[in-house]
């Protein structure tokens, strides 16, 4: 009887593990994440162009000696930029090539190669300017790493489009195990991020008091939209503070069940858009929403795609009749 129990327990664990990680899935979700994350990678690296030598140059804000001290001599702080930072012309050339690669990755061109290069580029810039590291950069690198591991170019990509044109009669695969692995890794990483963000806030008295949100909106350094009128509504501040805290702590548990997942994802939108609009961290707020997109089922995306195709088809037909 005991052996039967443990045998069934073993089978249940193994079957559940294999189902969670290795069930082939439609790569639609991963394809859209590639577009959004790749576009953000392109934009955030394009911004370095404003003062490339000032940030990445040998005589810039982060000298090689300062960077080495900030990394504490770590052998894992890889970056190819120091090879070129002494020559401004070469640094600009490498920078432009990197931007082209990131754009190709966002568009899904040569995805198997550009996904790996995109990760290397993102890590190199982060390690070259550690003093400018922000949460946005960390999420960028995280998404680039997991997109590199899966078939990020298997949906909504130029690779897919070119393959269909080249082999119109070939039945292309509609599911991918690698895509599922990548999505699961992003999902788990998002759960870890929110869990530690939420439990870390429990160490602050203002979160227990319900006044933490006021401290954020009243900080003039992050104030892109004046929300100080909330001072007249202390109960609203307390409610928003406690809801955001409860949401972060419970995210890792409530985002998995199908009944509670829509609620969790719906709450993510005002929370991160609020950070984006009110605190001036637009890119960070958007990239966090991109990470949350990993929990959107592929069938939802395909339904939206089918609806858009149908609507566009009707529009084209109407235009043809009018012409």
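Placed from the backbone N, Cα and C atoms, the Cβ positions cover glycine too.
What TrEMBL lists as domain 'HTTM-like' is 22-300.
The transmembrane segment annotation in TrEMBL covers 90-109 (among others).
For 116-133 (among others), the entry in TrEMBL reads transmembrane segment.
For 139-158 (among others), the entry in TrEMBL reads transmembrane segment.
Sequence-remote contacts of a segment are chain residues at least 6 beyond its ends whose Cβ falls under 8 Å from one of its Cβ atoms, and for the transmembrane segment (178-197) they are 20-27, 29-30, 33, 142-143, 146-147, 149-152, 154-155, 248-249, 251-252, 255, 291-292, 294-295. As annotated by TrEMBL, transmembrane segment applies to 178-197 (among others).
The list of residues near the transmembrane segment (233-256) in space but at least 6 beyond its ends in sequence, with Cβ under 8 angstroms from a Cβ of it, reads 187, 190-192, 194-195, 197-199, 201-202, 206-207, 210-214, 263-265, 267-268, 271, 295. TrEMBL lists 233-256 (among others) with the feature transmembrane segment.
The transmembrane segment annotation in TrEMBL covers 263-290 (among others).
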Cβ-Cβ under 8 Å with the transmembrane segment (90-109): same-chain residues at least 6 beyond its ends: 31, 34-35, 37-39, 41-42, 45-46, 48-49, 52-53, 56-57, 80-81, 84, 115, 117-118, 121, 152-153, 156-160
Intrachain residues whose Cβ lies under 8 Å of the transmembrane segment (263-290), provided they are six or more past its termini: 33, 36-37, 40, 43-44, 134-136, 139-140, 143, 216-217, 222-225, 227, 243-244, 247, 250-251, 254-255, 296
